Amino acid sequence: MKGFDPTHHLRLQPSSPSSLSNGFLPQRQGVNNLKSVNFRPRSPSMLKLFSSSTVSRAHHLTPAIRPGASSVESPLFKALSHLTGLNRRSTSLGGRRVFFCSDNASDVAAAAAAEAEAKAAESDSDGADSKSSSAIVPTNPRPEDCLTVLALPVAHRPLFPGFYMPIYVKDPKVLAALQESRRRQAPYAGAFLLKDDPSTDSSSSTEMEKNINELKGKDLLKRLHEVGTLAQISSIQGDQVILVGHRRLRITEMVSEEPLTVKVDHLKDKPFDMDDDVIKATSFEVISTLRDVLKTSSLWRDHVQTYTQVLFSLHDKHKSQDIKHIGEFTYPRLADFGAAICGANRHQAQEVLEELDVHKRLRLTLELMKKEREISKIQETIAKAIEEKISGEQRRYLLNEQLKAIKKELGVETDDKSALSEKFKERIDPNKEKIPAHVLQVIEEELTKLQLLEASSSEFNVTRNYLDWLTILPWGNYSDENFDVVRAQQILDEDHYGLSDVKERILEFIAVGRLRGTSQGKIICLSGPPGVGKTSIGRSIARALNRKFFRFSVGGLADVAEIKGHRRTYVGAMPGKMVQCLKSVGTANPLVLIDEIDKVNILGHAGDPASALLELLDPEQNANFLDHYLDVTIDLSKVLFVCTANVIDMIPNPLLDRMEVISIAGYITDEKVHIARDYLEKTARGDCGIKPEQVEVSDAALLSLIENYCREAGVRNLQKQIEKIYRKIALKLVREGVVPEEPAVAVDAEEAEIVTKLDVESTENHVVEESPAPAAKEPKEEAQNEKKAVEKVMIDESNLADYVGKPVFHAEKIYEPTPVGVVMGLAWTSMGGSTLYIETTVVEEGEGKGCLNVTGQLGDVMKESAQIAHTVARKIMLEKEPENQFFANSKLHLHVPAGATPKDGPSAGCTMITSLLSLAMKKPVQKDLAMTGEVTLTGRILPIGGVKEKTIAARRSQVKTIIFPEANRRDFDELAENVKEGLDVHFVDDYKKIFDLAFVSDNKQQD
């Protein structure tokens, strides 16, 4: 029950653990069993009010009731009898002594006399047991005489008069003082509830006990509530002390700090009228509420039933005597009883303890009881809802099982295992001849295993999923390839402009397949900068070959299981990407595009995926590719693998060796114009819903867009800029009133006509401001004006900035012409080719000061090239002009802009030599000249890479003359004619030839 704390509930202790139900509450005894209750000390079924043998197992508040002299037929006694439904029956107590807490000395004396008589009567048989009993021993000092007591802190709930509570005392001094009090026949102490610690928010039991043990003296006094309970020390076992509440106390002052001793005042209830109707009504309402709670709460029912059993037993034993105290147990004790056994928190219970007005105390208890009743109702509602849900699910389950059994008997439906087996057999029967023998054997074994497994077992699901993957793969199913070279050429040209080397390689593959009559798997790697169409060309190849297409990216892949699959022993195991690919495409010869293969994580946390790709991309091994999940070999020799990479240097050499690399360099300006006009512009226009007759983009605008906004090697940024232009054109057309003939959203015809009319009129008024308003027009003329055609949007070089903003790039040609000491070089980047200048100047001249400093964020290789260039330049200068001591007496500074861009590589060697010689001879190099090539100390020119990219960069910078190493002549000859057109290219193998080309005579330069 929510809010109920069993550790502070009313209970009577049984004599042994065997009489406990659910570990906390006494077992209920029927009315007929009350006759057999034996209250002898050694009886296994006795109920003790205070027992030293059992109190150590419970931390509860238990009522301690004393016999009085009044009639047992009190209102409270009758109410409790009706609540629990018990009838009073005679019960033999067998001479058991029962003592109760008393509020006056006369009751204590009577109890003492009864105790003495009982001892004399039982001295022969139960002498030893009477010593071990922990019932309250009458004491010489009266409770009201105790004006100075030890202050004991109570952590969880206050102790109420008439109840007992076990506490643990960890302080040796306090424990010794309590034992000393018992020896002095004055076993009394004060039990005071501990206040909350304002410095902490923790309210756990561990923290509270820790705080109690740490508090001493005045600190402890500040944390105690003023009102507490005078408690009799019933027993002490180790550090456990049993306290029995007698009456209310109030702390007045502190006497000593260790142990904490205080002076107290005894508090009495305020006088009240026993016959007051309000008090009676309040008490009856408390009992009525208690009855309602007992109907739904078994915990409360057990407590009250056990409590009333003791009352009946006492009445049957002492029916000839005056049981005074039961008669006294009316309104004040009823309030304490309700507050003590309810699940209220410590602060609410303390409020009841501090209240001395009996009527107010009853009202507080009534409020707590009402809360308990509401909690019991909520608990009953929740329990009922859960029971209904569980009952409904069980009923549905039973009905479904019965339905399955009926259908199975009638032959209407088979069980799950039979249905699954039939489904798997239907998959493999059409292709049974094509399935490899070893795979077919595994499938049959797993089908047999499936029939032996229970459907509820976990192994059943694993086997079912395994069979699902084995039977769904396209064993031996190949798509019909198209070996028509002409058709393939047409499809490749439709999708991509240029890329002749890639297209030629695909056509070769098709031609070989046509001659052999069958195709074979290959591994092709397309290498190039971003945006050149590497990924999209894979789809075009699949369409040209009439193969299924599947793409997956391995960029950032760090788990081998993504390639090779997981073992079936793992929860949630899955096959690798290739098995998933075959299931997805449904054929055994698809085109698989492995994207970003240069970005695979080589040192992954779960293996090396790059090494796992070795088996997949090896034509000699992938015919028997083994997936960890399937655990059977798969033939991937018919699969055409196309990989893409930006930089092949990042690919491991063993993996690169298995692939045929086709480099895709950047597009030149002419190619970009064709791509933009034939592909990108059409796509953007269709995506924006614009008709061709509504927009016209001039060639000059496209050329300006490419040169000033999109200089990168690819066309991805060019596509974004073209889309941006058409989006702005679409917005302009909508603002001018141009809408489709059939709008996507249905609008009322009359409303649309009014809106169009207003837009046209507002446009006319804005354009013609000074013209007088014409006379009223006929309706036909207005309709004609509404259909007035909108002028075509023209995009040219003059208004291009209105759509795409200011130019991003400016001319790479910084100097026109190049001054002394400056030479243009050519460089390769991952984004394509670019031009860069080598600048050299004199810092200081003087005899013996010759040295060279380099800047421009140069790498180690480029710095070494500068040192080599300085040495070669001095050597050439001595040969050409022996009397010139420029390099020996000049401190030089060589810089390569831009300074924020990292640069490295050996291909700038000849450019650096030319720059140094130009400065030494004070002569500029030839106009529109660019060069590239690595130089040795002897002046030999070594080959370089990126010929196409560097050639494109030279054309973009309007370079007329290019100097390449002789070893790169073959690379240049393979370039397309449109790339080589208009260029004067020289191939050299020694720097002396570069010197002759760069420093021509003045007459030749003028010519």
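From the backbone N, Cα and C atoms, a Cβ is placed for every residue, glycine too.
Here TrEMBL gives coiled coil for one range in the set 53-80, 361-388, 417-444, 837-864: that range is 361-388.
Remote same-chain residues near the coiled coil (361-388) are listed as 1-4, 279, 282-283, 285-286, 289-290, 292-293, 296-297, 300, 331-332, 334-336, 338-339, 342-344, 348, 351-352, 355 (criterion: CB distance under 8 Å, separation of at least six residues from the stretch ends). Within 8 Å of the centroid of the Cβ atoms of Gly528, Pro529, Pro530, Gly531, Val532, Gly533, Lys534, Thr535, where the record puts ATP, the same chain has further Cβ atoms from Leu526, Thr644, Asn646, Ile664, Ala713, Gly714, Arg716. The candidate set comprises the recorded positions Thr535, Ser907. Of these, Ser907 has the most other Cβ atoms within 10 Å. For Lys950 (active site), the same-chain residues 6+ apart in sequence whose C-beta sits under 8 angstroms from its C-beta are Leu826, Ala827, Trp828, Gly833, Thr932, Ile944, Ile962. Gly531 (ATP binding site) counts 21 other C-beta atoms within 10 Å of its own C-beta, drawing on all protein chains shown. Listed in sequence order, Ile664, Ala665, Gly666, Tyr667, Ala713, Gly714, Val715 are the same-chain residues at least 6 apart in sequence whose CB falls under 8 Å from the CB of Val532 (ATP binding site). In this structure, of the binding-site residues Gly528, Pro529, Pro530, Gly533, the smallest number of CB atoms within 10 A of the CB marks Pro530. Spacing of Ser907 (active site) relative to Lys534 (ATP binding site) is 27 Å (Cα to Cα, whole number). Annotation for Lys534 (ATP binding site): same-chain Cβ neighbours under 8 Å, separated by at least 6 residues, are Leu526, Ser527, Gly528, Thr644, Ile664. The average pLDDT computed over the domain 'Lon proteolytic' (817-1001) stands at 88.
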